[in-house]
Amino acid sequence: MATQHPIGKKTACVVGGTGFVASLLVKLLLQKGYAVNTTVRDPDNQKKVSHLLELQELGDLKIFRADLTDELSFEAPIAGCDFVFHVATPVHFASEDPENDMIKPAVQGVVNVMKACTRAKSVKRVILTSSAAAVTINQLDGTGLVVDEKNWTDIEFLTSAKPPTWGYPASKTLAEKAAWKFAEENNIDLITVIPTLMAGSSLTSDVPSSIGLAMSLITGNEFLINGMKGMQMLSGSVSIAHVEDVCRAHIFVAEKESASGRYICCAANTSVPELAKFLSKRYPQYKVPTDFGDFPSKSKLIISSDKLVKEGFSFKYGIEEIYDESVEYFKAKGLLQN
């Protein structure tokens, strides 16, 4: 059993600490002087937790064993915390049974964590990482449409049409809706952060799938390029943010007393052909494809972060910086030539 943190420090629990977003969030919280508890499924998995063990040098970080399917496993890590960041989500893109592999565990995981929050009297606010996939997938027609926090993905369309990888947007949408329902019924101060596709660099030993997807036009990975096209066709745009800005947004809305509701975190909206043109010009040394035939060259919609910006948040990274860092990260990983 981990001992309590010293009194006087703000304490945060980050659920799912081995992930791309969560591990950087842990790092930023430690750098801000927080005491941090984080949960992982298997603390004995050296490959998965080595980067967290290194972060213990930055400050007061305790690692707990917890599983989204086991409500009681969150009691100890959440006890005494001011903020709880629920970042973990089950992802099985190749699943043949998304209902049981992703949707049910995501919803159950959110409810289990929030139940533990109701029992820990210290928790002031819960911050849930949702996804633009919970906002943008609907049957809106036209171009130049602006979507914001009022919009929700159309679950009936997803579950009836079952487009490729439909389980992920369905799980994120239903998990966020379950969180809002539980928060209202149990008087929890909940905020959701809604990031778009994330890139930059990662503390994890494995390359996150989202950076792989964002980098596909540069690496020439046909399977992932088709994934980007599918994203544009399904959600209406290729929208992107730097993972550090997404983590900064989580901390910003946790600390900002006036914050409430949902917050989209998106730095740039584009399309596959527009992005390819930009990347081809910026990195001529990589043979970025620019001919996409009759594939739509304009995005159908803009995902707006106006609410977050009006609250006082400012983005550190535009699309140039996002890709410069992602390219350097891929070079360091040996996935790109100089």
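Glycine is no exception: its Cβ is also placed from the backbone N, Cα and C atoms.
As written in Swiss-Prot, here are the features:
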- Thr18, Gly19, Phe20, Val21, Lys48, Val87, Ala88, Thr89, Pro90, Tyr168: NADP(+) binding site (BINDING)
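Here the features listed in Swiss-Prot are painted onto the structure.
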{"residue": "Thr18", "record": "NADP(+) binding site", "Cβ contacts under 8 Å, 6 or more apart": "Val40, Arg41, Lys48, Val49, Leu52, Thr204"}
{"residue": "Phe20", "record": "NADP(+) binding site", "Cβ contacts under 8 Å, 6 or more apart": "Met198, Ser202, Thr204, Pro208, Ser210, Ile211, Val243"}
{"residue": "Ala88", "record": "NADP(+) binding site", "Cβ contacts under 8 Å, 6 or more apart": "Val15, Gly16, Gly19, Ala22, Thr39, Leu68, Gly109"}
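Under the three-state DSSP scheme, Thr18 (NADP(+) binding site) falls in the coil class. Following the DSSP three-state reduction, the secondary structure of Lys48 (NADP(+) binding site) is helix. With a 10 A radius on its CB, Lys48 (NADP(+) binding site) counts 19 other CB atoms from all the protein chains.
Ala88 (NADP(+) binding site) falls outside any helix or strand according to DSSP and counts as coil.
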